[in-house]
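Take a look at the structure set out below.
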Amino acid sequence: MDTLKEKHSEPANIHEFERIAEEKLKASKNSLWSYIIKASGDRQTYDESMRAFKRYFLQPQVLTLREKPSTWTIVLGNPIRIPICISPVAGQASVIEGGDALTGDAAAKAGTLMVFSSSSSMKIEDFGKVVPRGLFWAQTDLYRDKKSILNIVRNAEGLGFKALVITVDTPVEFMASSGKSDIGDEVDTTETNGAPKKDGEKKECKGCGPTDDTPWQPKTCCAKNETFCMATWQDLAWLKSETKLPIVLKGILTAKAARRAVTAGIDGIIVSAHGGRQLDGVPPPLMALPEVVEAVKGSGVEVYMDGGVRSGSDVFKAMALGARAVFVGRPALWALAVNGGEGVRRMLRIFEDEFTSTMAMCGCQQIRDIDSSFVKHESQFRY
């Protein structure tokens, strides 16, 4: 039988993962593909997030390498074998059954970090049982109902997760480029680990909130109002008082916000534009990265980047501009669609091979050798 798997050879790069995933999902779950690729507004931030990498050129050194480069680095005190990590991503179980666990297992086998999403359709405690070994952080929003947050936090603490990632760029629901909200009928982002998410057609809150003794339950009509909430720095201070886990803020793009985060005592920042799915017109993360790095310099706050990373060369450029590691989201979904957990493992191997080759060609033996001298913006060249 002429199947897509038979028609396609193994993807050789991340763009091939995207192409094959598109063909497969359009043939079987078209609205799921629409969900994955949608972006807000006229897609300016989404498109520029990838173009930004093309505006930087590598500046290789020569005759400096004695052996194969080492890609090991450390994030919040934990070693990882490659500085390519998995972002918190919704819809993995819609791509393939057990998608979150498959991705977590692939990340663990690759020796890297995965952030478990509070939008997962898998309970966080079940994830911990299925994927007991690996380096994981837990993502949550600052929900109005604090029992929802604490349910995730306590599970993360008990399961040995090493940090909390707080998404800070979703105060209201965005509008996708189609003018519709970004949840397709075939996408399951219903919360089942104690915090709420959208539930299909249920849009209005009708008083079905939690009791004093229970957190939000999945498939409640209050889900939407909880998900997009206008949290404050005071809410973050409350969370810090409730846990000893390191806290990483995801969604910071300016020096001003970064300095405020330092004052608030957070431990890390993921420079991110939410995959171009929230406020359109903000700078691509790579462009925002240098000013955030400069703003937290000397504070001990670690800076990572998420957005538009499609190659090992992109990883190198982000690290040259100050990122300690990068995170990828959509590539993980594409890889799951192409070949499940093995697809994710191959996707990470491709990133690793490309990144290692870029390090070698640029003359970097260790991660610490990578700095801004290895990249130059196109504006610095005279044509």
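Keep in mind that glycine also has a Cβ here, set from the backbone N, Cα and C atoms.
The feature active site, proton acceptor is assigned by TrEMBL to His274.
The local packing around Arg277 (glyoxylate binding site), expressed as other Cβ atoms within 10 Å of its Cβ over all shown chains, amounts to 22. The glyoxylate binding site feature in TrEMBL is assigned to Tyr35, Thr167, His274, Arg277.
Taken from TrEMBL, the feature FMN binding site applies to Pro88, Val89, Ala90, Ser117, Gln139, Lys250, Ser272, Asp306, Gly307, Gly308, Val309, Arg310, Gly329, Arg330. Of all Cβ atoms in the shown protein chains, 28 besides its own fall within 10 Å of the Cβ of Val309 (FMN binding site).
Taken from TrEMBL, the feature domain 'FMN hydroxy acid dehydrogenase' covers 9-380. Mean model confidence of the domain 'FMN hydroxy acid dehydrogenase' (9-380) amounts to 88 (pLDDT, 0 to 100 scale).
The region 'Disordered' annotation in TrEMBL covers 183-212.
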List, in sequence order, those binding-site residues among Tyr35, Ala90, Gln139, Val309 whose Cα sits within 10 Å of the Cα of His274 (active site, proton acceptor). none
Other C-beta atoms within 10 angstroms of the C-beta of Pro88 (FMN binding site) total 23
Maximum Cα-Cα separation in Å among residues Tyr35, Thr167, His274, Arg277, which the record lists as binding glyoxylate: 19
